[in-house]
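Listed in TrEMBL for this protein:
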- 12-25: compositional bias 'Polar residues' (COMPBIAS)
- 406-415: compositional bias 'Polar residues' (COMPBIAS)
- 426-438: compositional bias 'Gly residues' (COMPBIAS)
- 439-455: compositional bias 'Low complexity' (COMPBIAS)
- 1141-1156: compositional bias 'Gly residues' (COMPBIAS)
- 1184-1195: compositional bias 'Low complexity' (COMPBIAS)
- 252-334: domain 'Cytochrome b5 heme-binding' (DOMAIN)
- 1-64: region 'Disordered' (REGION)
- 406-455: region 'Disordered' (REGION)
- 1096-1227: region 'Disordered' (REGION)
- 72-91: transmembrane segment (TRANSMEM)
- 111-129: transmembrane segment (TRANSMEM)
- 345-371: transmembrane segment (TRANSMEM)
- 841-863: transmembrane segment (TRANSMEM)
- 869-891: transmembrane segment (TRANSMEM)
- 898-922: transmembrane segment (TRANSMEM)
Amino acid sequence: MPTRFDDAPLPFTSSKPLPTRQPTRGATVKRHKTLTRPERSVAPAPLIAPPPTTSAAFSDQPSSAPRGVRGWDWWLISSYATTWWAPPALLRLFGIREKQSRQAWREKITLCWITLLLGAIVGFATMGLQKVLCPSGSSTNLYERLGSDDLTLSVSGWVFNVSTSVTQTNVNFYSLSSQMPGQDVTNLFTRTYTDYPLCTSSLRYSTTPLCNSTKPTGTKENATLQACPLPTMSSATYTTLSIQNSTLYEGYSWDQVAPLKSYLVIDGYVLNMSPYIAANPNPIAGDEVDSAIRQVLNNQSSSGKDATALFYNRQVTKDAIPCLTTRYLAGRIDKVTPGCFVADLFLYTSLVVILGVVLVRFAMACVFNWFMSAKLVRPPKDLSRTAISPAVMPEGANMSVHNRNSTAPWANANTAGGKKLRSNKTGGGVPKGLGPNGTGATAANGLSNSSSASTLVPTEPLISLTRIGAELFAVCLVTCYSEGEDSVRGTIESIAATNYSDSRKLIWVVCDGMITGAGEKRSTPDICVSMLDADPRFGNPMPMGFIAVGSGAKRENRAMVYAGHYVSKNGHRTPTIIVVKCGMPGEARDKKPGNRGKRDSQMILMNFFSRVTYNDRMSPLDYDLFRKVQTLMGVTPDFFEVVLMVDADTKIYPDSLKHLVNAMQADNMVMGVCGETRIANKRQSWVTAIQVYEYFISHHHAKAFESVFGGVTCLPGCFSMYRIKARKDADDDWVPILVKPEIVREYSQSEVHTLHQKNLLLLGEDRFLSTIMLRTFPNRKNIFLPQAKCRTLAPDTFSVLLSQRRRWINSTVHNLMELVRVRNLCGTFCFSMQFVVFMDLIGTVVLPVAICLTGALIVNSIITPPKSFTEAIPLMLLAAVLGLPAILILITTRKVIYVAWMVCYLIALPIWNFVLPVYSFWHFDDFSWGETRRVEGEMRSKGHDDKTAVFDGTTIPLRRWEDWEKSRLRKLRREEKRRREFERQFGAGFHGEDGGSSDGGHGGGYGAAGAAGLGAGMGMGAAGLAPWTRARSEYDSDAGSVFSSDEDVWGAEIGGYNEHNPAFPPPPIGLPPDSLTNYHPGGNTLGMDEMASILEQGFDDPPPGAAGLRAPDRSYTPSPLQRQVDKTPSPVRYQLSDGAYGSGPNGNGNGNGYAYGAGSYAAPPPGGRARTPDLDTPQPDGGNSINSISSSIESRPLGVGHAKKRSGGAGQERYGPLGPLADDDTGWGGVIREEDLVGSVASVRSGRMEVVQVQVQVIGMVKLWRTQV
């Protein structure tokens, strides 16, 4: 067994320069199907300027345009026009010296002006519009309708209160008001000519005396004049009579004016012409005004008597209007002026719209929380159907022109070239989708050396969903920066402890640089790696290059990949990948080497799965990840369909992962889903207390409502699941979602110029990712799932909260500005997601103005309570906006304590709606992460400057998986050739006497006597290089390579480990074969100790002649990994081999006893010797010894435990493959059931434990072999 795992790359001896990436040429690659997008007719314009390339999405060719050169667009012109008063010299004087900073400042000022303008518009519409259009208030405040109020009378059109009047001798105000409240009593007061200065005409309407007592001497009237018993109209008279002016107009309706004799209306003024008619009962010849008056009174006795049009037709009558409206005024038509009508219309429309939106949001949020979400978390049904296989690549993928079934090259291993798929009716009972050896790869084509041959990957375009089961393959991405050990361990522990099968989830941790958090003694990568139970087969990782999200020299980066398992407290052993970004060699002295930001950490995963999905060119890091993910999970990475993204300070609930996956399974149109984020430290300080209600409402109210439309605008980065690819409704093809090139390209932008672009990319990655997904797939859904929950640490100090909300608010504004332009979102007009986004955008921008208006409204309502429904409308809106969410909390949580959290939130409303938004708007040009994550010794920067070198190329090779695989196989052959040369010169065992490889496992276990170690290390079919002369892989050709196989410069970019070293247990079986889901349930049961005996000695039905081959006197050496209770020597067993005995050069089998790939159990030939992987004994013929390791279950007491024994006949020459079983730590030997084999989970007594994948593989192979024989 190797004792060293140092990863030492091969020395580079070529004199040729390291080649740079070149575009793929030739006819060996084609675009699958077409580039037509079935999801939409026209691709949306990118939010950020596309990268300066014309090649593939991941190309890194430098731009031909000078760096920083931009065209003049309307936004730049607007920013300069707004800040014309601030020339560059003035800005430099105030410390803004860099050009990018000055441009960002100009755009910030422009955005602030726009914000102020929108706030002013909202403020004017709320409070100023009413006063401008209706200066005196609404009609209900100006008039008092005739007959509506008792104890009132009108004098000259004004309403007087006579409830306290003094009764006169000849005038009784009470009697008059009881006859008709509000009637005109102006004629009772004494009036003279001098009381009406506007009456200067000589016509009778102006000169007729109004009272008999004021008649001039010598005046003769046609009739009698009125008596006028009361004094003149003055304040003193009103005081003497104890009547009060209510300052309201006496209002008349048109119906009230019509029956009144001698009343008419001019321009809305109601005139009482009874004094004029009484004084002049007969028409006056030649008097046009008199003629017009009598025409209206005589001809319109049944109508409203409107004389406006008649009096405005002629000049004489028009000039008489001012005098008539003052001399004979009795009141006004109780009407709504056009201005007041418009103001009231706007107010009521706002009431209906806003109250409707609030009520609809409330109702839909309740419906989604109670009914719709419950359907999404139900376990999936109809898993027996046949669907497209994950190995099938979507349209637009790169594949060979000979690939006729659209499967990926790693899944097409047994269909090299243009050969057709193997028939399902192959001999020997081979199950569908498998080669004759039961592994999806045949021994005949030599693909046992391929890195994908260990998994049961289906090679046909269709697969039964029963094989995948109810649990999809899920990646759990944890991004780390400067978190401490408690935070990181808590997050990983919560993921590992979920009730989701370990065989279906992969923890993927990305450490963003060699960072040491403030107050921490160890760096974050050291903390993460210390938690990993590393797989020794991979050794110490070497830095792998990849193209990062950055500008200049920061675009290149390197990362180390640690692979192994995380062992949780409750016994879960979860496959784990830890990617540590260590930076380029030139960053060794930087404060944060390798750090590129959270978005770059996400892009490592997105780029990897995008390149796997489309078979695009991989970086060395991608290929290294491919190998390690496949080895840990037992399936190739294209089987992963969903990814859960969590932050390193988040703890998810045990059932959250399963709920999220069920939601994905329930609806193929769901492309993203988030759960509820709760605050773990809600009582830590007043800052955390005011956030509890805000967190709850943002999920159960806002996101629940958006989920009805499927348009959640922000999937929180701390706890969200995205779909990597989705099956179409007909299950006949794949639709890449998260890994679609448009999304990957836009999310990976690093060259940004405007403030808008920087706010999109540099502040809120989670919201920006949600935005581009909704823009790319407007018909798909982003939803919220209340059943999935997590807890996170909220900022506990105001400075950290201020920094966090600055980023969130600015990111929200800029992302909503882009979403509101997406026209084909769900719904139409006011009932559309686009309208909701528009309302959210306006509401976010005008938050400072809104809180000011709210305060003014509350104060004004306290001072002057509303007297009408119209005045109470703003208060009703405020109560609805604040009260309905409180009701939602009570009916959702059924916890009264949340009312207290709501009170804390309401008290802090000035902070939420004024302090935080104003601070955020003024810091539009600040793109730093502020105080949220502090690093030891870090200096704060606004993120404008980039003083790195200009990027003019890349040394990171990007090659397709086929090319990397060729290089890997050539590297193994070179190592074997080099080993043989040293053995010829210096003798056997030169590389190490312990059977190990001097380069950390390249050769994989060389025997001390010069055994064919490459066969063991590579998994070849026979010792030495003989198998390569008989059968070669389709990826083993040197055609198309820049260098020959002896001088392959890419070997140094490939990890020096050998994942197929037989010294370690084989990779797990990620998917059971079809036969395991349909094997017949007959057969006897046997004890667990009998199963152990079978594993050690062979099956109870050996082939003819095999019984005589046993060697009972042979010494027994237990495996180092085997815990033995029974020390009785075990006889020789039938071992696993790549082919029939005698295929090796000496006729004694292949180069190892436990080879990787297409193996089978075979009886040793007559006269031969049976070898076992866990035995190291001298051979009779002095041949080579084997030093390999296997594992086996320990013996159990008789009768304890049982396993299903498959019935089958004997006499077959070939036996099914049998591998090692893991130790059973339960102490009693549990029942092995069919569902345990398929789901990889066993129920042991009252608790649950994960069955080690090796055990599942062995038992599955046993049952498969029993079915065959």
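For all residues, glycine too, the Cβ spot is worked out from N, Cα and C.
Between the transmembrane segment (869-891) and the stretches 72-91, 111-129, 345-371, 841-863, 898-922, Cβ pairs under 8 Å are most numerous for 345-371.
In the predicted model, the domain 'Cytochrome b5 heme-binding' (252-334) has a mean pLDDT of 89. For the transmembrane segment (898-922), the residues of the chain that approach it from at least six positions outside its boundaries are 108, 111-112, 115, 682, 686, 689-690, 692-694, 696, 801-802, 805-806, 809-810, 844, 847-848, 850-852, 854, 882, 885-886, 889-890, judged by C-beta separation under 8 angstroms. Residues 82, 343, 346, 350, 755, 842, 845-846, 848-850, 852-853, 856, 874, 921-922, 924 of the same chain lie 6 or more positions beyond the ends of the transmembrane segment (111-129) yet place their CB under 8 Å from a CB of it. For the domain 'Cytochrome b5 heme-binding' (252-334), residue counts in helix, strand and coil come to 39 helix, 15 strand, 29 coil, using DSSP.
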